[in-house]
Amino acid sequence: MAAAASSLVSYGSDSDSENESESGSVVQKADPEAVAHLQPLKSGGITTLAALNSAPEVAVKEGVETGVHLDPALKEVDYNPSYETMFAPEFGPVNPFRTQQMAAPRNMLSGYAEPAHVNDFMFEQQRRTFSTFGYALDPSVDSSSQVTTNTYIGAVDEAEKNKGQTVFETGPKKNEKRKKLKGGDASEIDDFLGPWAKFQDEKDVAKPSEEEQKELDEITAKRQKRGRNEEEAPAEEKTILHIKDAYDYQGRSYLHIPQDVGVNLRSSEAPDKCYLPKKQLHVWSGHTKGVSAIRLFPASGHLLLSCSMDCKIKLWEVYNERRCVRTFIGHSKAVRDVCFNNTGTQFLSAAYDRYIKLWDTETGKCIAPFTNRKVPYCVKFNPDEDKQSLFVAGMSDKKIVQWDIRSGEVVQEYDRHLGAVNTITFVDENRRFVSTSDDKSLRVWEWDIPVDFKYIAEPSMHSMPAVTLSPNGKWLACQSMDNQILIFGAQNRFRLNKKKIFKGHMVAGYACQVGFSPDMSYVVSGDADGKLNIWDWKTTKLYHRIKAHDKVCISALWHPHETSKVITCGWDGQIKLWD
């Protein structure tokens, strides 16, 4: 092999000399370092050839392209880029405030959630345990190692105390719970005293002292006595005459219609033209609490009947001296409503003591009490001349009850409303009557037929606790609890007149009675602020507003024979006359 190497070297040198001589030109000799590996090595008398590395030297790409950004659009990289290269900014300088968490990839708002396959029950169990006890198994630890190491996160002390029990394992066992609920074994059933047994021990029960016990006994005795009195009989009736002479020189009582007042009160015709009231003319004061309702004497209107929350009913003069004529006392609670018969010789009163009483207007005597143990909210005589012995009352138990005065018994019940009945108004020549209720509906009934033939209820409707029939009998004015006065036709179809809606007053929560002027020019109503509001009937514009009372103005009546006299009453206990 050494001979072959020497011959190869000599061959190379000979060929070089020949080439030089043939071409006649000078050729540069080979670099000795480049052919150093071809020279034989001599060591210990043996000539060897140097080892040859035929792989070329290749520079690392990062070294060549230091700082060059990795194209994010690349799908495949043929070398191992460093962390800085991978997360270098795409444009511009490096963000000095960017944290590693911000730079890391995210697939949700709070970071990167690795896909994991966890049983739904196991996850819910650990979540509930953590929210209840404050500890849970560490999810970062391999599940196979948790059996032996029991690594927890959160309240580790609590976990050790509970021995790592989950929320489903700490409660009573199924058998124990059942045993406890059933009261133990069957042999122990005689000893089971019930769920209230622990309160039977006298030490655990608080007892009143002797003074407190005595006071409690007195209160209980009073309640029982009062309850017996209410159930046994109504309150005692009495009357007080406030004028000296009940009869004049001709033997006529105060029920006689006066003829010296400047107005023909016997006439059935209404005034031709009505005007707005401007000033206060008189104040009737005598009630100690709020006035609930006022009613004018039928036809003439020369007397005024008022009922109040002071449990009294008073009769007043409208003309001349405007005195309080008589007081009727016979209810133990606030009086809600009153109603004259056609002639005015008798009237009914309904009160919260659950009694309806029939009174004689002239003598003040209570003729008869009526009750069905429910609170009457409104009461009305049948206006027909041949049915003056019958009256209807709207009750708190959703019924309209019809009584016969002669027998004192209930002769009919109209039971279709779904709430307490607030008003009853006779229409269509008294053949029908309209009722409104807390169920936000309006129902029309034929007399003596206990099934309503017309039912009006819209989703937008509110309760209408005060209803007034117009003087011409064609319209019903209903005080709605959404601060509006709605007008319904009172003949045939009972449709809502959408062109006649009176607004601008605040009455929500109060049953403020509506009134009409005799010539149908104006509509009047009180409101929650104690104001008297007057609207024009044709245009529905609010014409006038008067501060009438300090508290709620609950009723407003326009005198049927006067052009501009309006009577109002309020919860301040006063009744006022305006002109």
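Keep in mind that glycine also has a Cβ here, set from the backbone N, Cα and C atoms.
According to TrEMBL, the compositional bias 'Low complexity' annotation covers 1-14.
Feature annotation from TrEMBL assigns region 'Disordered' to 1-32 (among others).
For 201-236 (among others), the entry in TrEMBL reads region 'Disordered'.
Here the repeat 'WD' (284-318) has long-range neighbours at 254-255, 257-258, 261, 265-266, 268, 324-329, 331-344, 347, 349, 351, 359, 361, 513, 551-552, 554-555, 557, 559-561, 567, 569-577, meaning same-chain residues at least 6 beyond its ends whose C-beta is under 8 angstroms from one of its own. What TrEMBL lists as repeat 'WD' is 284-318 (among others).
The feature repeat 'WD' is assigned by TrEMBL to 328-369 (among others). Taking Cβ pairs closer than 8 Å, the repeat 'WD' (328-369) reaches residues 230, 234-241, 246, 253-255, 289, 292-293, 295, 297-299, 303, 305-315, 375-381, 383, 385, 388, 391, 393, 403, 405, 408 in its own chain, all 6 or more past its ends.
The annotation repeat 'WD' is assigned in TrEMBL to 414-446 (among others). Here the repeat 'WD' (414-446) has Cβ contacts under 8 Å with residues 377-380, 382-384, 387, 392-402, 452-457, 461-469, 473, 476, 478, 488, 490-491, 494, 511 of the same chain, all six or more residues outside its ends.
Taken through DSSP, the repeat 'WD' (514-545) splits into 0 helix, 18 strand, 14 coil. Annotation source TrEMBL lists repeat 'WD' at 514-545 (among others).
Sequence-distant contacts of the repeat 'WD' (546-579) (same chain, at least 6 residues past either end, Cβ-Cβ under 8 Å): 263-265, 267, 270-271, 273-285, 287-294, 296, 300-301, 304, 306, 308-310, 316, 318, 322, 471, 510-518, 522, 524-532, 534. TrEMBL lists 546-579 (among others) with the feature repeat 'WD'.
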Across the repeat 'WD' (284-318), average pLDDT on the 0 to 100 scale: 95
Helix, strand and coil counts within the repeat 'WD' (328-369) (DSSP): 0 helix, 23 strand, 19 coil
DSSP helix/strand/coil residue counts for the repeat 'WD' (546-579): 0 helix, 18 strand, 16 coil
